[in-house]
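Encoded as structure tokens, the structure appears first; notes follow it.
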Amino acid sequence: MGKDAARPEWDNPMQFVLACVSYAVGLGNVWRFPYLCQMHGGGGFLIPYMLMLVLLGVPLFYMELAIGQKMRLGSIGAWRAISPYLGGVGLASVVTSMYLCLYYNVINAWSFWYLFHSFQSVLPWAECPVNSNLTSPVEECERATPTQYFFYRETLDISGSIEENGGIHMGQALCLLLAWIIVYLFIVKGVKSTGKVVYFTATFPYLVLIIYLIRGVTLHGAINGMKYMFTPKMEQLANPTTWINAATQIFFSLGLGFGSLIAFASYNQYNNNFEKQAIIVSMVNSSTSIFASIVTFSIYGFKATFNYESCLERVRLLLLNTFDLAEDTISLENVNHWIAELNRTHPDQFASLGGRLETCDLEAELDTAVEGTGLAFIVYSEAIKNMPVSQLWSVLYFIMLLLLGMGSMLGNVIAVITPLSDLKFISVLSYPVGLVCLFCLLLGLGFTTRSGNYWFTMFNDYGATFSLLFIVLIEVITVCYIYGIKRFEKDVEDMLGHRLNWYWKIMLAGVSPILLIALFIFYIVNYIQGGTPTYQAWNKELILLY
């Protein structure tokens, strides 16, 4: 299929690269990758991660860009051009992207909510609000922490279970409306407006990350977090889950299967060097994950050290008061020595302390692995509130989250708009962008109800995993064995002026499909063995997620 002369194009190849970077580098780099590092042996996790990037990520990324650039159509049209029977693959991509559009912008709404609340003399998640009698802090907040209370009660106003619906949270609904208005303005003029926006959405998060890195490594205790990250636990390499998580992280982080990459590449010039761009974007994406992890672990180290030293200080005061010792007798450095000493010299009095004597353990603090919204909105905000000039760090952080989220949203919406605009019966509509945004906003309001967070978790956990693996597996089998690797090779030569080298052929025809089949089987087995899917709910009496 030849070039479509009337199709709009990126102003230059840099716009296309930045659009791909802005789309691929998202919230997962900041909140999922550090968690996986923590779970799977710190620096040791980089070995399977980089291996999966070479075996799975880069070849599939390359393939999607090649298809988009050759066919110059969105996902539905591109797959129908390869075979009339394969329009369903493109349609599956559109439906999956639509699923993501419904709930992903809710995270941007939360970021707006936190950003607007950052312009206060005291951050609202820094301390508990007082109760209606103005006599003491709100009981639910005292049982939890101020950061948990602000997220679960003030931001989400969460119900006790998914069955308890409750009304729409008006503040959240307005933030979601604002998020959708901005997405609409970013893409209303197609690649002409998106091409300008990505200069900002792709680069500004790096500026914030660099500022945060400088601040992070100078925080007290940051070194503890860095040591934790870079100390590899090599025994984790024998754990198959480590390899599976590395493969899925690469897969989802690059945004394969959604149709966004095909849509972006369809606006390229026909002879654009997508091969070089596929390698650049994949490397930038993975480097960002590692860079964001260094920032996150320095913050982790600060928070863990702060909690550890607060615990030691409470124990120190307890011992001083119980045993009537002089103020300067016990310091934070020798607390553990004095515990052993007092237990030996005053066993009866020491036994009377009972449950009041806490066990302070820095390693246990660092081992507490948190991912997703828990990391982005609770752990980070807890660390921010203890920093000097916390409002500034809060504003910077939530602007960064917003830009990461918005950049990914642009890709998600374009993955829906482009193939729909290519269809003759829809292209006559004057406002396809507005209609898609309005449709997603109206359905997305369900996530702003009191039980909305439970629905959000369900969509996030189950909405895309199976379908994406299946879509990309069909894609790679189609290209190599139905369309034919020889024809694909000719197309690449036609666009780039040189043939496919052995690396791309071996990966696309053999290694990547085998890995995808293995991942697919693992997910099905895991799903069956997992029994009935469960979710964590907020219990305001016990203050725990159960």
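Glycine residues also receive a Cβ, built from the backbone N, Cα and C atoms like all the rest.
Here the structure is a predicted model, which means the values were calculated and not measured.
Feature list (source: TrEMBL):
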BINDING   ALA24, VAL25, ASN29, SER253, ASN285, LEU404, SER408  Na(+) binding site
TRANSMEM  12-31  transmembrane segment
TRANSMEM  43-63  transmembrane segment
TRANSMEM  84-106  transmembrane segment
TRANSMEM  168-187  transmembrane segment
TRANSMEM  199-223  transmembrane segment
TRANSMEM  243-267  transmembrane segment
TRANSMEM  279-300  transmembrane segment
TRANSMEM  395-418  transmembrane segment
TRANSMEM  425-446  transmembrane segment
TRANSMEM  466-485  transmembrane segment
TRANSMEM  506-525  transmembrane segment
Statement: Ranked by Cβ pairs within a distance under 8 Å of the transmembrane segment (43-63), the first of 168-187, 243-267, 466-485, 506-525 is 243-267
- request: For the transmembrane segment (168-187), find every same-chain residue at least 6 residues outside the stretch whose CB is under 8 Å from a CB in it, and list them.
  value: 105-106, 108-110, 112-113, 116, 155-157, 193-194, 197, 406, 409-410, 413-414, 417, 433-434, 437-438, 440-441, 444-445, 447-450, 452
Query: How about the transmembrane segment (279-300) and the transmembrane segment (84-106): at least 3 CB pairs under 8 Å, pairs 6 or more apart in sequence, or not?
result: no
Outside the transmembrane segment (243-267), six or more residues from its ends: residues with CB under 8 Å to it: 7-10, 16, 19-20, 23-24, 26, 28-29, 32-33, 36, 39-40, 45, 48-49, 51-53, 56-57, 60-61, 64-69, 71-75, 78, 90, 93-94, 96-97, 100, 191, 274, 281-282, 285-286, 289, 408, 411-412, 414-419, 464-465, 467-469, 471-472, 475, 515, 519, 522
- line: Apart from the site residues ALA24, VAL25, ASN29, SER253, ASN285, LEU404, SER408, the 8 Å Cβ neighbourhood of the Na(+) centroid comprises VAL21, TYR23, GLY26, LEU27, GLY28, GLY255, THR288, SER289, GLY407
- prompt: Which of 12-31, 84-106, 395-418, 466-485 shares the most C-beta pairs under 8 angstroms with the transmembrane segment (199-223)?
  reply: 395-418
- prompt: Counting Cβ pairs under 8 Å that are 6 or more apart in sequence, does the total for the transmembrane segment (466-485) and the transmembrane segment (12-31) reach three or more?
  reply: no
Statement: Within 10 A of the CB of VAL25 (Na(+) binding site), the number of other CB atoms across every chain shown is 29
Field: Tertiary contacts of the transmembrane segment (12-31), as residues 6+ beyond its ends and Cβ separation under 8 Å
entry: 107, 191, 194-195, 198-199, 201-203, 205, 249, 252-255, 260-261, 264-265, 267-268, 272-273, 277, 280-281, 284-285, 288-289, 292, 296, 371-373, 375-376, 401, 404-405, 407-408, 410-411
- prompt: By a simple count of other Cβ atoms within 10 Å, which of SER253, SER408, the binding-site residues in the record, is least packed?
  reply: SER253
Task: Let me know how many other Cβ atoms fall within 10 Å of the Cβ of ASN285 (Na(+) binding site).
output: 24
Query: Relative to the Cβ of LEU404 (Na(+) binding site), which residues of the same chain, six or more apart in sequence, are found under 8 Å away?
result: VAL25, GLY26, LEU27, ASN29, VAL30, PRO205
Surrounding CB atoms that lie within 10 Å of the CB of ASN29 (Na(+) binding site), all protein chains: 25
